[in-house]
Each structure stands twice: as structure tokens, then as C-alpha cells.
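Annotated (6S)-5-formyl-5,6,7,8-tetrahydrofolate binding site per TrEMBL: 28, 88, 127, 459, in sequence order. Residues annotated as K(+) binding site in TrEMBL: 233, 252, 254, 257. Taken from TrEMBL, the feature GTP binding site covers 233-238, 252-258, 277-280. The Mg(2+) binding site feature in TrEMBL is assigned to 237, 258. According to TrEMBL, the feature domain 'TrmE-type G' maps to 223-381.
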Ligand SMILES: Nc1nc2c(c(=O)[nH]1)N(C=O)[C@@H](CNc1ccc(C(=O)N[C@@H](CCC(=O)O)C(=O)O)cc1)CN2
Ligand SMILES: Nc1nc2c(ncn2[C@@H]2O[C@H](COP(=O)(O)OP(=O)(O)OP(=O)(O)O)[C@@H](O)[C@H]2O)c(=O)[nH]1
Ligand SMILES: [K+]
Ligand SMILES: [Mg+2]
């Protein structure tokens, strides 16, 4: 498999730190010729004679021309990120110097790395499995504590451990079944069917928990889009500003103030909510407002969650119910929020809209905004965010787990119906295949290229 991957034997180089001016820029190399290449630019020491995990200060030179004064960190195979010889050159943070150093390294035999190629090599050398490598990309992309935690959990092998346990148990069992097949004339049963039944049952439970965690995983990784919709002057823009603690949107007592949608991100307890303030929904003759209303409807359809906001003073219960039917038609997760309770008072509001499951607030004076935030969290997370448990955040893993679940169901059905060992063995192999697919034990080159191409260069 390794031989087919193009250029895996090359020595690769890339800038590991962001482009642009910084205090220091780190250039990373990995591959067989790493030390040989850098040695030619580093006259002060013979790096091949230095121990792994040592650092060396000196001038980097291309012939007589001094390029920079640098710090070199040496990682000798297999004790490096990629498992190959790795050198990191910390040079001065000028983009010009960095380009020049990289260019010189390519002149001496290194090639520019493709996106994710360092991590791909770590995977190919067995330093990381596929879920761990994918978690590296997730960690780089993480923007909340919750997404950081899940990614770190998976880099440490949290997800792989769960899958490996399942896989190992299934493998040992399938070995017994296959053994039975060799003795098929003699009608022996090496594999204890009731123990197997238990194993399948346990595996089904683990798989279904993992599958269920995907919804939360999605929330953690991608955030939740929340459309704030309602009639003009309900106080939608006021609510956006209050939630953000910032005067982001224009508020006025003129109905139809908001024309275009406004999107802002709010972090509540580590979950990112993408709040979308929309134009108040009404029939209008104003061409621009009509477009705004169409956009509101579109945003409502696209959102994960709809906040239907209404003015408790202006709206009648019948009006509310009509509006509510429209929201329910969208088949969306929604929250009903009665605003401006400061005017008629909370009790009167409760009486007016009793039994409608409304949360009453006063956006302008921040009343019950904390309750609203908690409701938002409750809507998307059942219970607390338990990032200590394994949470599936990756659609590829989810799809494979669905196949695992299907094959487990088939195995169980097979056991129930006393299916012969050879047929059972087929289902077990299918199950093992999809488990191995997730961690990368079974995969193909194109898939790997695709997965790693999503990384940034230098990673
Ligand atoms: N300078 C630097 N910082 C970095 C990285 C890096 O590659 N270089 N990392 C890149 O993502 C992350 C840290 N991850 C790393 C994981 C493994 C190894 C490594 O050398 N592992 C060897 C040696 C372990 C040891 O000696 O204790 C190994 O696993 O064999 C290095 C970094 C973040 N910070
Ligand atoms: N008394 C009271 N007034 C509020 C409250 N929230 C908003 N308002 C007022 O209601 C009016 C309309 O507020 P906006 O936030 O512009 O309403 P909107 O829903 O965004 O309106 P459009 O963008 O026109 O659809 C403003 O005068 C606000 O000050 C509240 O909790 N109590
Ligand atoms: K308004
Ligand atoms: Mg508005």
C-alpha cells in the first residue's frame, strides 16, 4: 500500500507557522534525507552526529551566503511526529527570509509538502490512526472549549480505544467461528453462542450510543444556527443586541427597521450559536422589505433552531397560534418567546398566553435572558456536555458506524435463527470491515488523499 502513495519517500518541507510577519517562523522537514539536506546549509555542526531531541543554534548558509541565524530542533526516527527524521528550523519571522530558506532547502533536495502530508506520514508510520489524525484537523479548527476538548480526547485515542475493544473482541470470536468451519464435518461448537450473544448485545449498545452522540458532536463541531423571527417591532434586534451585550443591530420603534439579515456568533457554555436577526415578517408593498421578508423565511428554513419572538402587548392569542402554525410547518426545533413583559407585567402575560409554553422576557431590560440562554442550551444538548465521553463529530465516522450497526443487527438475527457458521462469519467480517474503516486499518489511497487534503499545509 505504501509504495503506491506518490512521493511518500521524498523529504518534504513546509512552513509550520502562519504566513506573514511574526517573531519567529518555524520550517519543518520530514523524510529520509532531512538531516543530509539541512547539514549542507548548517556548517557549524554535523547534525547526523547529534542526539535526537536536541537543539542547535547557528547560521544557515547557502554556500557563502548567510541566510539567517536559526535554532534547529532535531527529532530522529522513529521518535518524531511523523516517525521519520524531522528537523524544525526556527528562523526570524520575516516572510522573505522564510521563503528564501524554504527555496534553498528545495534546491538541496526537499520538496514542498502537500496539505496534511506530515500528519499523513504520521498515520502511515503508525504514529496515529485515522481518527487521531482527523482529530488533529479538528483541533486546529476548534473555536470553543467543547470542540477543543472533544478533539483532544480523540487525539489521545479516545474514540479509537472504544472501537479497538469492539474490534478485538469480534476478531477473537470470528476466529473461533472460522475454526468451527474447518471442523464442519464433526459438528463441534468452539464459539460459545451465548457469550457471543452477549458480545453482540454490548456492541450494539456501544454503537448506538456513539451514533446518538453525533447530534451533539455536530453541535460541538459546527455550532447551532438560530433564526430570530417574528413580526415587525417584536424586539428581535433588541434581543440580538442583548444576547451579544453589544449594540450590533439598529433598533427603532419603526416597524420594518431590519431589512437585511444580521448574523453574529454567541458562545454559551462552550457551544457556538450563530444568531440570525431577520426582517420582521409582514405583507409589505416596499420592494426592499419584501426581499427582506423572503430572506427571513429562507433563514427560518435553514436554521437549526427558530426563536419565534412576539410582543405580548401587541399580539393576541389567536394571532400567536396562527404564527405558531407557520413555524410548526417548518418542522423545526423552536422556542416561543413573549417579549416586553415589562409593560403589562409577567402575571398578565402568563394569563393571556396560558398553556402555550411561552418563555416571557423583556429584551430591552435583560429580564430572563439567562433563562433564555439556558433554554437554548437545553434545546440542543440533552443534559450536560460530557466531553469526557466519546462523541462522534465526523460524518465519515457516523456513516461507517451506521454500517457497523446494520451488520451487528444481521449477526444478531443470524444467531436468533441459528444461521450456519459460514454465513455468520460473513456478517462478522462485514462488521469488522467497517470498524477498521473508521480507524484506517482498512482503507484506500484515494480516500486517504481526500481526508488529508482537508488539512492545512505544514500540518
Ligand atoms: N515544535 C512543535 N510543536 C508542536 C508540534 C510539532 O510537531 N512541533 N506538534 C505537532 O502536531 C504538536 C505536538 N505534538 C507532537 C506529537 C508527537 C511528537 C513527537 O516527537 N513524538 C515522538 C517523540 C516522543 C517523545 O520523545 O517523548 C514519538 O511519538 O515517538 C511531537 C509533537 C503541537 N506542538
Ligand atoms: N418596553 C419594551 N420595549 C422593547 C423591548 N424590547 C424592544 N423594545 C422596543 O421595541 C421597539 C422595536 O424593537 P426592535 O428591536 O427594533 O424590533 P424588531 O423586531 O427588530 O423590529 P423590525 O426590525 O422592524 O422587524 C423598539 O422601540 C424597542 O426599544 C422590551 O423588552 N420592552
Ligand atoms: K423596529
Ligand atoms: Mg429589527
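Placement of Cβ uses the backbone N, Cα and C atoms for every residue, glycine included.
Features as recorded by TrEMBL, highlighted on the structure.
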| residue | record | contacts (Cβ under 8 Å, 6+ apart) |
| --- | --- | --- |
| 88 | (6S)-5-formyl-5,6,7,8-tetrahydrofolate binding site | 16, 26, 27, 28, 29, 72, 73, 75 |
| 127 | (6S)-5-formyl-5,6,7,8-tetrahydrofolate binding site | 81, 82, 83 |
| 236 | GTP binding site | 228, 229, 230, 258, 277, 278, 280, 309 |
| 237 | Mg(2+) binding site | 249, 250, 251, 257, 258, 262, 277 |
| 252 | K(+) binding site | none |
| 254 | K(+) binding site | 233 |
| 255 | GTP binding site | 232, 233, 280, 282 |
| 279 | GTP binding site | 232, 256, 258, 259, 260, 261, 289, 292, 293, 295, 296 |
| 459 | (6S)-5-formyl-5,6,7,8-tetrahydrofolate binding site | 16, 115, 116, 118, 119, 136, 137, 140 |
Contacting binding-site residues for ligand 2, chosen from 236, 258, 459 when the Cβ sits under 6 angstroms of any of its atoms: 236, 258
Candidates near ligand 4 among the binding-site residues 28, 252, 255, judged by a Cβ under 6 angstroms: none
Cβ neighbours of residue 257 (K(+) binding site) where a neighbour is any other Cβ within 10 Å: 16
Among 28, 88, 127, 459, the record's (6S)-5-formyl-5,6,7,8-tetrahydrofolate binders - longest CA distance, Å: 18
Number of Cβ atoms other than its own within 10 Å, given for residue 258 (GTP binding site): 22
Segment-level pLDDT (mean, integer) for the domain 'TrmE-type G' (223-381): 93
In three-state DSSP terms, the structure that residue 236 (GTP binding site) belongs to: helix
Close-lying binding-site residues around ligand 3 among 28, 252, 257, where CB distance stays under 6 Å: 252, 257
Secondary-structure category, per DSSP, in which residue 28 ((6S)-5-formyl-5,6,7,8-tetrahydrofolate binding site) falls: strand
Beyond the site residues 233, 252, 254, 257: chain residues whose C-beta lies within 8 Å of the centroid, for K(+): 232, 251, 253, 255, 256, 258
Local Cβ density at residue 28 ((6S)-5-formyl-5,6,7,8-tetrahydrofolate binding site) - other Cβ atoms counted within 10 Å: 23
